[in-house]
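Beneath this line is the structure, given in structure tokens, with notes to follow.
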Amino acid sequence: MEWLDILESHGQALLGPTAWLVLWTIVKIVVIAVPIILCVAYLTYWERKMIGWMHVRLGPTRVGFRGLLQPFADVFKLLTKEVVVPTQANKILFVVAPVVTLMPALAAWAVVPFGPEVVLANVNAGLLYVMAITSIGVYGVIVAGWASNSKYAFLGALRASAQMVSYELAIGFVLVTVLLVSGSLNMSEIVLGQTRGWFAEHGLTFLSWNWLPLLPLFVIYVISAVAETNRHPFDVVEGESEIVAGHMVEYSGMAFALFFLGEYANMILLSCMASIMFLGGWTSPIDIAPLTWIPGWIWLGIKTFCVVSLFVWFRASFPRYRYDQIMRLGWKIFIPLTGVWLVVVAIWMQTPWNIWR
């Protein structure tokens, strides 16, 4: 982009290379982080509206036009509530835990490409970075349960950590398979790898995306992402009939809101990763003029919105699993299945019918 090059040259001349680099990095972080936080806020609104429609209700309607200001009312309510720290709790860890849960979900966006050159840090190990940084969130859950000094919070934290680690393995095997077929850990190159092939050459780009040849893995990824974020129907971590809110049971006010933000930020991140790994990222589904005029970040947003809506649909449609059923699904079905499919794809790539050349 020429105007960005002009801005960079003027900035370096005015402030010097080092100061400009620091300032420009902060600007890029703000430009990415603020919309993500707004998306998290309005995802709560969309969830309540969608579930309301499925229940033949209206959902939020009172605050602003058609309830569009409801997220801001919720934030104001949580900001004005007192953060009560239990007497016997470890106060420092009690406060740190919500931050540890939220920050990895925001830091992972540093390597997410919104377009061919629109990325904060276009590193060659981007996929590895996302897998590593998102695994840190489980520590926030464990610390919250332990620091609360409550048997219910600790039981919820144990459930959450075991469930998150279990389904991280399944997601890891799926992403390793995508790495295998794309031949790169760079997320921009993974997207570009889905724009090649016979279908892409004939304008049917959506048939060259990874979702078609790796359809079973795509399904496993979406279900594992729901379990990874402790969302319904895998939300036994906060089973209201047993342990109330799980590891968050002792939290209130803005500390509770940070856990809430972390959960929804992870939903958006994993949905965006599904769009990049399987749905062609910023590319248009059909390579014809009206569709190719739409900016890539809008296509990525549409695909992410469709995937994240599946999370909401699952919540409104399915009953909660028992904890032993969840662990059995992860360890006895998903992990072996993804391992077998990884071997199948590796063998497939050695045959004359390799479609990823």
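Each Cβ is built from the backbone N, Cα and C atoms, and glycine gets one as well.
Lifted from Swiss-Prot, the feature list:
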| type | residues | note |
| --- | --- | --- |
| TRANSMEM | 20-40 | transmembrane segment |
| TRANSMEM | 92-112 | transmembrane segment |
| TRANSMEM | 127-147 | transmembrane segment |
| TRANSMEM | 165-185 | transmembrane segment |
| TRANSMEM | 206-226 | transmembrane segment |
| TRANSMEM | 254-274 | transmembrane segment |
| TRANSMEM | 294-314 | transmembrane segment |
| TRANSMEM | 329-349 | transmembrane segment |
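A Cβ distance under 8 Å defines the sequence-distant neighbours of the transmembrane segment (206-226), meaning residues of its chain 6+ beyond its ends; these are 167, 170-171, 174, 177-178, 181-182, 194-200, 232-234, 267, 270-271, 274, 277-280, 283, 285-286, 307, 310-311, 314, 330, 334, 337-338, 341, 345, 355. When each of the listed stretches 127-147, 165-185, 254-274, 294-314, 329-349 is scored by C-beta pairs under 8 angstroms to the transmembrane segment (20-40), 254-274 comes out highest.
No contact links the transmembrane segment (165-185) to the transmembrane segment (294-314), because fewer than 3 Cβ pairs that are 6 or more residues apart lie under 8 A. Beyond the transmembrane segment (254-274), the same-chain residues lying 6 or more positions past its ends with a Cβ under 8 Å from any Cβ of the stretch are 36-37, 39-40, 43-44, 75, 78-79, 81, 83, 94-95, 98-99, 101-102, 105-106, 108-109, 112, 130, 134, 137, 140, 144, 218, 221-222, 225, 228-231, 247-248, 300, 303-305, 307-308, 311.
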